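Reviewing the structure listed below.
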Amino acid sequence: MERLIRGCFYGSVFGDVCGAPFELGSGIPLSRILDFFNGRITGEKNDTLRYTDDTEMALCVCDSLKRVNGFDAIDMARTFSNAFDASPSCRLYGRSIRSLFDRMKSSNFADPFKNSSQQFNGSGSYGNGGGMRITPIPLYGLELDTKDFNTLVCQVTALTHTNPLALFGALLQAHAIRRVLAVASASSDSAPCAIDAACLVDTLRGDLEMADLSAFAFGRSSNFHLSALQQYREKLNTVKQFVMQESFPQISEIVSQLGNGEPAIQAIPTALYVFLQCLKPMPHIPYESLLIKCSIYSTMIGNDTDTIGCMACAIAGALVGAERIENSSSLGDLHVPVHQRVLRLAHSTLQRLRTQQLKMPPSYHLKPQSINIWDRLPESNVSGLLP
């Protein structure tokens, strides 16, 4: 399990830093994307790759969990805000986040959920910020039951995004990682893991349908989430249709029917689609590495390339594990560029989580995990990320 958990974190950072140089692009020529990877694999290019808010906020989640030995809304919101205040422009934060953090600071973070729920005239933010930073949670909550797992995912998301589209999106990404981890952990050399794409999509639809969002209504009607749930059903049907058809859909079809934008409904199902499609042979992408295929395909789809790539590669990393990434040939893979800050923080965070009883709200009970994610990550052959 440890190698899979490290692989998931590895993939998340990989997709972020490799997608960031192409963010907001559309119709990006495949030749340009391949040049980006070829140059770094051969060593012809060694420029610095920078991570975005996707990685920074995931690190904040880890940092807060470590500091208070569990989830604390005030501490995590303050951690997000402090990171934002210190961030360089390359982090590419969303447009509305500054005003949200300003309101939280003015109340000394007394009720972060209230501030978040008041955004956009009370509808809450529907962006993909919850899904992009959720990677640590399915790893942190490996032994939580489904109800408590869903609550934790929604708590971490609702600090900044309370719209049901955002909540369901984060749940979709978290359950995708959790489901793929379960498949991969049950495999062996004699019985390698195989993902049944149609079955996974159907199972994830069921995960969303079973989720109880009533605690996150924030004064809205009891059926506040039903329209969002139906939208995700439709998107997952499209994901399944695209993956099961013999021919690859055109990029224009993917963009029009799944999306590639900042809203959660336009990015998170797309990331799942990218992962599932890249499990198949892709003649136009001359790499066997699942991470590279996911990153390239996400970039071909365009627009929010770092976030879609981050989420798709997190799922992929959970499937292939760290060893497949670390030990791969330079002809078939690209080592993930990981800055020492990422190594130190993630290492200390997960080391803390495996040695102490996790402090959760009353209904949470989670045994300490014998896992240590980042201790054996290799030095990058790419000039590392700038903090």
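A Cβ is built for glycine as well, from the same backbone N, Cα and C atoms used for every other residue.
TrEMBL does not curate its annotations; it predicts them automatically.
TrEMBL has this to say about the protein:
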BINDING   T52, D53, D54, D306, T307  Mg(2+) 1 binding site
BINDING   D304  Mg(2+) 2 binding site
Length of the line joining the Cα atoms of D54 (Mg(2+) 1 binding site) and the residue listed as 'Mg(2+) 2 binding site', in Å: 11
Shell of the Mg(2+) 1 site beyond T52, D53, D54, D306, T307, same chain only (C-beta within 8 angstroms of their C-beta centre): D16, G19, A20, E23, Y51, T55, R91, L92, M132, D304, C310
Fewest other Cβ within 10 angstroms of its own Cβ, chosen from the binding-site residues D53, D304, D306: D53
D54 (Mg(2+) 1 binding site), number of other Cβ atoms within 10 Å: 31
Cα separation, D304 (Mg(2+) 2 binding site) to T52 (Mg(2+) 1 binding site) (Å, whole number): 12
Cβ neighbours within the same chain of T307 (Mg(2+) 1 binding site) - under 8 Å, at least six residues apart: D16, G19, T52, D54, N128, G131, M132, E262, A267, A271
Around the Cβ of T52 (Mg(2+) 1 binding site), the count of other Cβ atoms that are within 10 Å: 21
